[in-house]
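First the structure, in the form of structure tokens, and then the observations on it.
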Amino acid sequence: MVEAIVEFDYQAQHDDELTISVGEIITNIRKEDGGWWEGQINGRRGLFPDNFVREIKKEMKKDPLTNKAPEKPLHEVPSGNSLLSSETILRTNKRGERRRRRCQVAFSYLPQNDDELELKVGDIIEVVGEVEEGWWEGVLNGKTGMFPSNFIKELSGESDELGISQDEQLSKSSLRETTGSESDGGDSSSTKSEGANGTVATAAIQPKKVKGVGFGDIFKDKPIKLRPRSIEVENDFLPVEKTIGKKLPATTATPDSSKTEMDSRTKSKDYCKVIFPYEAQNDDELTIKEGDIVTLINKDCIDVGWWEGELNGRRGVFPDNFVKLLPPDFEKEGNRPKKPPPPSAPVIKQGAGTTERKHEIKKIPPERPEMLPNRTEEKERPEREPKLDLQKPSVPAIPPKKPRPPKTNSLSRPGALPPRRPERPVGPLTHTRGDSPKIDLAGSSLSGILDKDLSDRSNDIDLEGFDSVVSSTEKLSHPTTSRPKATGRRPPSQSLTSSSLSSPDIFDSPSPEEDKEEHISLAHRGVDASKKTSKTVTISQVSDNKASLPPKPGTMAAGGGGPAPLSSAAPSPLSSSLGTAGHRANSPSLFGTEGKPKMEPAASSQAAVEELRTQVRELRSIIETMKDQQKREIKQLLSELDEEKKIRLRLQMEVNDIKKALQSK
């Protein structure tokens, strides 16, 4: 029959569960997988979480029965003594081997899962084994669980030898007590053995007495019993004896001071919140910052006005008027294990990490204290160095991986994070008026590089060339039209410079109204139209090895239906030589290395002039089309701007109405 003692209160959540309280004994337990056991308490049978209780060995429950049979023959006691002496030595050696590997807690740690141990600075843990890298399994205060290995430091062999010597003293005192029980019931002899062995023997004998065995018959049935549990584990059965009603001896009622402090901290923890920052002035003081949560250890320090506490794994004193106490139920849930999941639903364990602090709503803090409490030992303490070399190392990082607990169906936590989501790309710019035709003026006529493909610069309109155009009221005539031509020379080339094509209006000057519109749409409102008085065109010298060719047919499509503008070059900066030529749609390029057959100088010059005039007229039509298009776009932009202004005004009015409504409330 398996029995267990309740260590934590649990309120039943379903009809088939048991409501258990601390100290109660659950009997007829049937162990099941999944974290839930079935047992009986107060005549009622139901389920309860297994991590809220601690199992009691059968040998411990048989002890009270031994008190009822003191009339056994005396010849059994010597035989029991001989067996006891041999078994005690063997088991003491085994215990020494098992307790050979121990570790001491260097940093405090609060459990994040049910199968983890709560560590406090100074606790001694018996290491069971290394389950996973960074996580060990051990026994602390009778509870077996996992703990991070970088929060502890292993003890040297001296502590192991001390534990073995304590076990030897325990066995010797047990033999003396058994001898006393044979003669007079064991009261006087047990007291003598305690006095002879001192406090160590007293503390070692304490667990067996607490379990209600009695003085005279404490080791009567010892050959049948096992003694595998440590002293710390046996001390945890004190609440059981309170329910049974055994009266403890006066010598066993005074536990060790370190364990008293540990138990008091486990049962009730006090926390305080820092309301004013304080920089440590001595080695034994804590540096606290506003908002920190400090665990109180001792309020009754030697110096009045100073408390002892723990923060980030470091213990020290701090002024009590720099903090305020938190209510007793603060972080109450962190001290008790979580409810295990139902047996059918596995639990995915979360990553082990430091506990998140609970941030309270900030309020107006009281005035900072004017002075610190007086410390009597302040003169004796050395002044603290400016560098924090004497501080304890910070709490190490918790290992990222946690082993699977042996008794639950929980899964191991994922080891890697999902890949990071890529950045959202910037959307391409859209044109609001894509249906309107785009006329490319500078693609073929304003760049000065006529042998380049027109598709590479179809969307670029060079308007800077129009700033250098000076309007003229008279038509310009070429000065070489009446000049005799030399025989054997080719006609003027159609190659133009960027400055020569700056103005589309070469021969016909526009009216003042048209001039003004051209200034607004193409010159970016740079200069007034009245300042344009003349137009100057610079034409480059014709090359000797090239002849005039008709324009490329792609110019018409790129320009929105109009032909590409072309003009000739001449040595004079204030004149131009013009000619006419037919448009050939099958011409593959604007210029080629092959020229036309040689013509008469007069005929070729006249043809070039006519061709240039035709192209100038086409340029003017293109400019007019661009003017109309830009006028339409400007009007559309203005209308959209007006609509946006109206929408903004409506939104502003709605915001004002909402503000007034809120103020009225």
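Cβ coordinates are placed from backbone N, Cα and C, and glycine is handled just like the others.
Because the structure is a prediction, the values reported are computed rather than measured.
The annotation coiled coil is assigned in Swiss-Prot to 602-664 on the grounds of sequence analysis.
The feature compositional bias 'Low complexity' is assigned by Swiss-Prot to 177-195 (among others).
Feature annotation from Swiss-Prot assigns compositional bias 'Basic and acidic residues' to 355-390 (among others).
The annotation compositional bias 'Polar residues' is assigned in Swiss-Prot to 469-484 (among others).
As annotated by Swiss-Prot, compositional bias 'Low complexity' applies to 491-510 (among others).
The compositional bias 'Basic and acidic residues' annotation in Swiss-Prot covers 517-531 (among others).
What Swiss-Prot records for 535-546 (among others) is compositional bias 'Polar residues'.
Sequence annotations record features per position, and here Swiss-Prot assigns compositional bias 'Low complexity' to 564-582 (among others).
In the predicted model, the domain 'SH3 1' (1-58) shows an average pLDDT of 88. The domain 'SH3 1' feature in Swiss-Prot is assigned to 1-58; the stated evidence is sequence analysis.
For the domain 'SH3 2' (98-157), the number of residues in each DSSP class (helix H, G, I; strand E, B; coil) is 5 helix, 31 strand, 24 coil. Summarising the annotation, Swiss-Prot assigns domain 'SH3 2' to 98-157 and lists sequence analysis as the type of evidence.
As annotated by Swiss-Prot, domain 'SH3 3' applies to 267-328. Secondary structure of the domain 'SH3 3' (267-328) per DSSP, as helix, strand and coil residue counts: 4 helix, 29 strand, 29 coil.
What Swiss-Prot lists as phosphoserine is Ser156 (among others).
Taken from Swiss-Prot, the feature phosphoserine applies to Ser159 (among others).
If you look up Swiss-Prot, you'll see Ser183 (among others) marked as phosphoserine.
Swiss-Prot lists Ser230 (among others) with the feature phosphoserine.
Residues or ranges marked as phosphothreonine by Swiss-Prot: Thr254.
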Other CB atoms, at most 10 A from the CB of Ser156 (phosphoserine): 9
Secondary structure content, the domain 'SH3 1' (1-58) (per DSSP, counts of residues): 4 helix, 29 strand, 25 coil
